[in-house]
Every structure is written in C-alpha cells, then in structure tokens.
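What TrEMBL says about this protein:
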type: ACT_SITE; residues: A:Cys116; note: active site
type: ACT_SITE; residues: A:His260; note: active site
type: ACT_SITE; residues: A:Asn290; note: active site
type: DOMAIN; residues: A:110-190; note: domain 'Beta-ketoacyl-[acyl-carrier-protein] synthase III N-terminal'
type: DOMAIN; residues: A:245-333; note: domain 'Beta-ketoacyl-[acyl-carrier-protein] synthase III C-terminal'
type: REGION; residues: A:261-265; note: region 'ACP-binding'
Amino acid sequence: MARAAVLCGLGTYLPSRAVGNDDLARELDTSDEWIRSRTGIGQRYLAAPGQATSDLAVEAGERALKSAASGTGPDGADAVVLATTTPDHSCPATAPVVASRLGLGTVPAFDVAAVCTGFLYGLAAGAGLIASGTADSVLVVGAETYSGILDPADRSTRAIFGDGAGAVVLRAGAPDEPGALGPLVLGSDGTGNELIQVPSGGSRRPFHAGQAHSEPADPYFRMAGRQVFRNAVERMSDATTEAAARAGRRPEELDVLVAHQANLRILHAVADRLRLPRERFPVHLDRVGNTSAASIPLALADAVTAGVLRPGHSTALTAFGGGLTWGATTLTWPAVVPV
Amino acid sequence: MNDTYERVVRLLVRNFGFETGDVSPADTFSELELDSLALVELTLAVQQEFGVKLTDDDLGAQSTLEEAVKVIESKPVAA
C-alpha cells in the first residue's frame, strides 16, 4: 500500500508584541476603519528586535513535536522542511539551524520558497520525503518575520502582514486514516512574478558595490494589491475544486476550508466563487494579520481551539502567494491537540 | 435599461449593500464609491453571474453602469 503522509501534530507561536490598527494610525496615514473595511484585519504581532525567523520556527516546531508525541505521532522527526519568505540569511537555508536547535541531530533539512503558498509546498515536499522512504516523519514549519522586509512608509503592506510561525508533524501512514493528506494540487505562473516581489537584494538587482543599476535599490516587499486579489480568488477556488475532485470529494461536501489568511474579502470571494457558505472558512487574520507561510497552521490551531474544526471534518487547505504560486489539498481532520 | 442592467444592479444590491433606487445607468463606479478592490469583487461576481471572462480593466472607476453593461454584453459567453 502507498505510504501516505498523515498529519499527527500541530504547534504554533506568535511573538509577544501585538500591534493594533490604532497603533499604525499613529504613524501612518490610515485608520482602524480603513484597515478593517479593506482587509478585515484588527491587529498583528511583530517579532522583537533581534528575534529571527528561526527563533519563531523553533518555538512552533517544538510545540508541534510535543503535540505529535502526545498523540499518535513519533517522538521527534526524521526531516525538517521550513517554508519561509524571510530566512535568517540569504545563504544558507534556515531549516538546518532549526533542526539542530530542536535536537533532531543531523536530519535532512531545507527551506521551501513559495511565499504565502510555502506551507502547501512544504506539505508536498514532506509528503514526498515520506512517500519515497527518505523519512518516516517530517516536521513542516511555516515561519515568517515580514516586519523585517516591509517598507516603514507603506501603509498597505504594514497593515496586512504580521509575524508568526506554525508547524505540523507528518508521519507515514495509510491513505484512508484521518489526517492522511489527499493529492496535493500545486501550480505556478512566473509571468506574474513582479506582482509580489522584493525588488533588490537578489542576483537580478544585487546590493553590493560594483553592480551599477539605473534604478535605486528597493529592499522592501512590494505587492500589487488589485491584481493579486483577483488571482488569489481564482487560483485558490480552482485549486480547491481540483484537490477535492482528485480526492473524490465535491466542494460542497467540505465541512471546513482553511484558506491562506490574506484578506477577509478574499476569503469571502473564494466562498462565493465556490458557492459555499462563508461560515465554512475559519477567520484568524482579524487577530494576526497575514502571516504568509505561517497562516495555515496558525489558522488550523485557532479553528481547532475555537471548536470550529473537529475530528472527522472533511477539510481543505488552500493558499496563494508570490511567484505566483498556489496550492490546495484535502484531509479528514484527525484527533490532534494543538500546542 | 435592459435585463443585463437589472442583473448588474442586483449584484450591486447583493454584494455591496445598495438599494435598487440608489443607482442609475449614468452613475460611474467612482460616484458609487466602489474602491479598486470592490471593482475586482464586482468583476468576479459579473463573471460568475453572466458566464463571461472580463479583463482587469473592463470595469474601470470612470465607467458608467451603462458602459459596463455594453462591455458585459460584448463578451462571448463561455460554453
């Protein structure tokens, strides 16, 4: 029988500093009403000075391992996949230091770069490690510190993004048991790569001297909101439909759809396009903003804690992000207790 | 106005909280205070309602409802 990847642990971490809309309104031309009406976001958390992405990832990873060990999961993990847009360094990857600090020894560890779709791509990588027999268990972490790449003067991105981390443990199991990931639908469209971008600091526009560029360096995260909005709605709803179909489910049979927490109006538009009640889409972004690759595990834990997502629920996960990238998968929610 | 117009007005009522009497064919989206995200939402809703494909620019802030109706009617209906 095929080795399925079974979700058996869930852990999250948010930094302690909460920043409300009124806090932003004190330094930017914005207001609580402006931010809420356009995004649904009320506050976000920011990493403390000196707190890096790996620091958040270790906290969430430790909790996910604890959650797994208290349930049907293994003690530890054979591999670490870290999805992030904001690694500690541009070289090397952040996952190895996370694995070491978690005491996992010399396990394989690597980063996945798919921006806000990173967690779905990370799940696919983890499921692949299990299917190929490379690992019997994988820690998949989404961790972000967008506060370090946002333009202090950009009221739209600063209102939207927050820092945070979430992680799951996948273990080898049977395709028909609760928690087994269904087929992962993934996609990309590089023709839209400039719609979500940090223009400078990579090989296209390096920072270092000797590389003359006509345009001034722009080290900040940039997003073309309107085009991203439309693409996000169309890609997430279509990917969800496809993932459901490939798992033999119809969209209307899905009890809970945990979509990347980008914007409340995007969640509503996805629900409308799928002709599903908006209530089936848990909302977490009102309290944490858009945490990019961390948003799905954070939203999962919040939905479980709130009693909205319960064992046995037919569940879909979907995300859209820079690249452009998108993805979706399905699972029957397992009896996992988030830590 | 015609049936297409009535259906667009129904979308505005359902999705954006307008009353039927609030809008008239000569109103621009900007006059109706639909912001850029709302125009994207309306674009998606029109596509679903009419089974047509719209570009990002088909419904502009300065378009009147009458002009938007003509744009929608000019689009081939997907099979």
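Cβ atoms are placed via backbone N, Cα and C, with glycine included.
Heads up, TrEMBL stuff is auto-annotated, nobody curated it.
Features per TrEMBL, on structure.
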{"residue": "A:Cys116", "record": "active site", "DSSP (3 states)": "helix"}
{"residue": "A:His260", "record": "active site", "DSSP (3 states)": "coil"}
{"residue": "A:Asn290", "record": "active site", "DSSP (3 states)": "strand"}
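Remote same-chain residues near the region 'ACP-binding' (A:261-265) are listed as 38-41, 116, 160, 229, 232, 283-286, 288-291, 295-296, 298-299, 320 (criterion: CB distance under 8 Å, separation of at least six residues from the stretch ends). The distance from the Cα of A:Asn290 (active site) to the Cα of A:Cys116 (active site) comes to 9 Å. Reported as a whole number, the C-alpha separation between A:Cys116 (active site) and A:His260 (active site) equals 7 Å. DSSP places the residues of the domain 'Beta-ketoacyl-[acyl-carrier-protein] synthase III N-terminal' (A:110-190) in helix, strand and coil in these numbers: 27 helix, 27 strand, 27 coil. Within its own chain, A:His260 (active site) has A:Cys116, A:Thr117, A:Ala232, A:Met236, A:Asn290, A:Ser295, A:Ile296, A:Thr318, A:Ala319, A:Phe320, A:Gly321 as residues 6 or more apart in sequence whose C-beta sits under 8 angstroms from its own. Cβ neighbour density within 10 Å is lowest for A:Asn290 among the active-site residues A:Cys116, A:Asn290.
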